[in-house]
Amino acid sequence: MVPRVLMVTALGLSLLIAALDATLVATIVPTLSEEFQSVKDVGWYGSVYLLVTGATQPTFGKLYATFSSKAVFLVSLILLLGGSLACALARTSTSFIVGRAIAGLGSAGCISGALIITAAVVPLHQRPMFTGILGSLEGVAIVIGPIIGGAIASHIGWRWCFWINLPIGGALLLVLLIFFRPPQKPVERASLRERIKQIDFVGGTGLVGSITCLLLALEWGSTLYTWNDARLIGLLVVFGVSFVSVAAHQHWLKERATFPTRLLANRSFASCLWYGFTLSSAQMVVLYYLPIWFQAIQGVSSRESGVRLLPMVIALIGSGVLGGIGASLVGYIPPFMILGTIFASTGAGMLYTFQPNMETARWIGYQVLFGLGTGAGVQSSIVGTQVALDPADVPYGVSAIILVNTVGGSIFISVAQNLFVTRIEKLTELIPSVDRETLLNRFGFLRDSLTPEQLQIALREYNHGIQNVFLLAVVLACLTAFGWVFIKWIPLKPPKPAPEPPAEGQTGEERKTTTTEVISQAAA
C-alpha cells in the first residue's frame with residue numbers, strides 16, 4: 001500500500017508541475033515581453049503550451065495503450081523538464097516559444113498518464129477517491145500558479161519559474177523508476193517492431209493537425225481577427241475537411257486507429273464524454289469571465305480578482321476530493337453526476353442574477369454553489385469513462401475525456417467572448433467618445449475617465465454582457481443532464497462472494513441457527 005500511495009503522490013506532483021506550467025506564465029508575460037522585445041509574440045507564450053497539450057491527447061492515448069505506461073510517462077516527464085530547461089535558457093522569443101511547445105507535449109503525456117496509470121494500479125472502487133485528489137491539483141494550480149509566477153519573477157528572476165521544475169521533476173523520475181512496476185499489458189508481449197506497426201502515424205498526424213486548426217481559430221477569433229477574416233475561415237474549413245477525413249480513416253482502421261471509433265457505441269462512455277464536454281465548458285466560461293466581472297464592475301485589480309475567485313476554486317477542489325471519496329463509499333458514479341448537474345446549474349443560475357451593488361455574501365455563496373457542482377461532476381465524468389470501458393481501452397477513454405474537456409472550454413470561451421463583445425459594442429453608440437478596444441481591455445478606464453452618468457451606463461452594459469455569458473453557463477450546465485440520463489449504473493465495488501453451501505447433512509436453516517448462536521455467545 002505504501003509504494004502505491006508514494007507512486008500516486010509522485011504522479012500527482014508530476015500533474016501539478018504540468019498544470020502550474022500552464023498557469024504561472026500569465027503573470028510574467030509583461031516581463032517576458034520586455035526581456036525579448038517582442039510584443040507581437042506575447043499571445044503565444046501561454047497558448048502554444050495549451051494548444052500542444054490539447055491537440056496531442058489522442059496520440060498519447062494510443063501510445064499508452066500500445067507501449068509500457070512507465071516508459072511513455074517517463075519520456076513525457078523528460079519532455080516536460082526539457083521544455084522547462086529550454087525556456088530557462090531561452091535568449092529569444094522564438095526559442096522560448098519552442099521550449100513552451102516541447103513542455104506542452106510533455107504535459108499532455110503527464111496529465112493523461114497520471115490518470116491512466118492510477119487506473120491501472122488502483123482498484124476500481126478506490127479510483128474515484130484517487131482521481132478526485134489528482135483532479136483537485138488542477139484547481140490548486142489555478143490558484144497558486146499566477147501567484148508563484150509573479151513572486152518568483154519579482155524576487156529571483158523569471159527564469160527560475162522554469163529552473164525550479166528540474167530538481168522536483170528529477171526527484172519524481174527517481175521515485176517512479178524505483179517504485180512503479182506496472183502490470184504487463186497483453187500487447188507488450190509483442191515485439192517492438194510489431195507494436196510500432198500498430199501506431200497510426202497518418203491518423204495521429206491528421207488528428208493533431210485538425211485539432212490544431214480548430215484551437216488556433218478559437219484562440220484568434222474575436223481577439224486578433226474578426227470571424228469573417230479569411231484566415232479564420234480557412235482554418236475552420238481545413239479543420240472540417242481534415243476532421244471528417246480523419247474520422248473516416250479511423251473507422252476504416254478499426255483497432256489500429258489512434259482512437260477506435262467502436263468506443264463511441266458504448267452508451268455509458270459516450271454519455272460521460274457529453275457530460276464532461278458540457279460541464280467543463282460551463283466551468284471554463286465562468287472561470288474566465290468571473291474575474292472580468294470583478295475587475296470591470298467592482299473596480300478591483302487583476303490580482304484582487306484572483307483572490308475573489310477563491311471561494312469557487314476552494315469549493316471545486318473540496319467537492320472533487322469529497323465527491324471521489326463519496327463515490328468510493330457509495331459504489332456508483334451517476335449519483336455524483338446528478339448532484340453535479342443540480343449544483344452547477346443552480347449556481348450558474350444564481351451567477352446570472354449578479355448586479356453591480358450586490359452583497360459580498362451573495363457573490364461568495366453563488367460561487368461556492370457552482371464550484372461544488374463542477375468539482376464533483378467533472379471528476380465523476382473522468383472516472384465514469386474508465387468504469388464504462390475494458391481496462392485495455394482506458395487509455396483511449398482518458399485521452400478522449402481530456403480532449404473534449406479542453407476543446408469544449410476553447411469553443412465556449414469563444415462563444416462567450418462573442419456574446420460579451422456584442423453587448424459591449426453597444427457602448428460605443430451610447431458613449432461615442434470611447435473606442436471599442438478601450439472598452440474591452442482597459443477596465444480601469446471606466447472609473448478614471450468617464451463621468452458619473454457615463455459610468456452608470458457602462459457598468460449596466462458590462463453587467464448585462466457578463467450576465468449573457470453566465471446564461472450560457474446555465475444552458476451548458478443543464479445540458480449535462482443528457483449525460484447521466486443515459487449512463488448505466490455500473491457498480492464500483494467488487495461483488496460479494498457467494499455464500500458457502502450448507503455442509504453435508506445440514507440445512508440452510510440449521511446453518512443460520514448455528515451462526516446466530518455463535519454470535520450470541522460472542523456477545524455474551
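Glycine is treated like the rest: Cβ placed from N, Cα and C.
Predicted, not measured: the structure shown is a model, and the values here were computed from it.
TrEMBL lists 515-524 with the feature compositional bias 'Polar residues'. Here TrEMBL flags 7-524 as domain 'Major facilitator superfamily (MFS) profile'. Annotated region 'Disordered' per TrEMBL: 495-524, in sequence order. Annotation source TrEMBL lists signal peptide at 1-22. Per TrEMBL, transmembrane segment is recorded for 42-60, 72-91, 97-122, 134-156, 162-180, 201-218, 230-248, 269-289, 309-329, 336-354, 396-416, 469-487.
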(message) How about long-range neighbours of the transmembrane segment (97-122): same chain, 6 or more residues beyond its ends, C-beta under 8 Å?
(response) 4, 7-8, 11-12, 14-15, 17-19, 21-22, 25, 41, 44-46, 48-54, 56-57, 60-61, 63-64, 69-70, 72-73, 75-87, 89-90, 130-131, 134, 162, 180, 182-183, 382, 386, 391, 394-395, 398-399, 402
(message) Cβ pairs under 8 Å only, please: of the recorded stretches 42-60, 230-248, 269-289, 309-329, 336-354, which one is richest in them relative to the transmembrane segment (396-416)?
(response) 269-289
(request) Run the contact check on the transmembrane segment (72-91) against the transmembrane segment (336-354): 3 or more C-beta pairs under 8 Å, excluding pairs closer than 6 in sequence. (result) no
(request) Average the per-residue pLDDT over the domain 'Major facilitator superfamily (MFS) profile' (7-524) and send me the rounded value. (result) 84
(request) For the transmembrane segment (309-329) and the transmembrane segment (134-156), decide whether they are in contact, meaning at least 3 CB pairs lie under 8 A, counting pairs 6 or more apart in sequence. (result) yes
(message) Under 8 angstroms for C-beta pairs, at least 3 of them, ignoring pairs fewer than 6 apart in sequence. Is the transmembrane segment (230-248) in contact with the transmembrane segment (201-218) by that rule?
(response) yes
(message) Are there residues at least six beyond either end of the transmembrane segment (201-218) with Cβ under 8 Å to its Cβ atoms? List them, or say none.
(response) 50-51, 54-56, 58-59, 62, 232, 235-236, 238-239, 242-243, 245-246, 249-250, 253, 257-259, 403, 407, 410-411, 413-414
(message) Cβ under 8 Å, sequence separation of at least 6 from the ends of the transmembrane segment (336-354): give me the contacting residues as numbers and ranges.
(response) 128, 275, 279, 282-283, 286, 290, 293, 297, 319, 323, 326-327, 362-363, 365-374, 376-378, 380-381, 384, 463, 466-467, 470-471, 473-474, 476-478, 480-481, 483-484, 487
(request) For the transmembrane segment (269-289), could you work out the same-chain residues 6 or more beyond its ends whose Cβ comes under 8 Å from its Cβ atoms? (result) 142, 263, 309, 312, 316, 337, 340-341, 344, 348, 351, 370, 373-374, 377-378, 380-382, 384-385, 388-389, 397, 400-401, 404-405, 407-409, 411-413, 416, 420, 466, 469-470, 472-473, 476-477, 479-480, 482-487
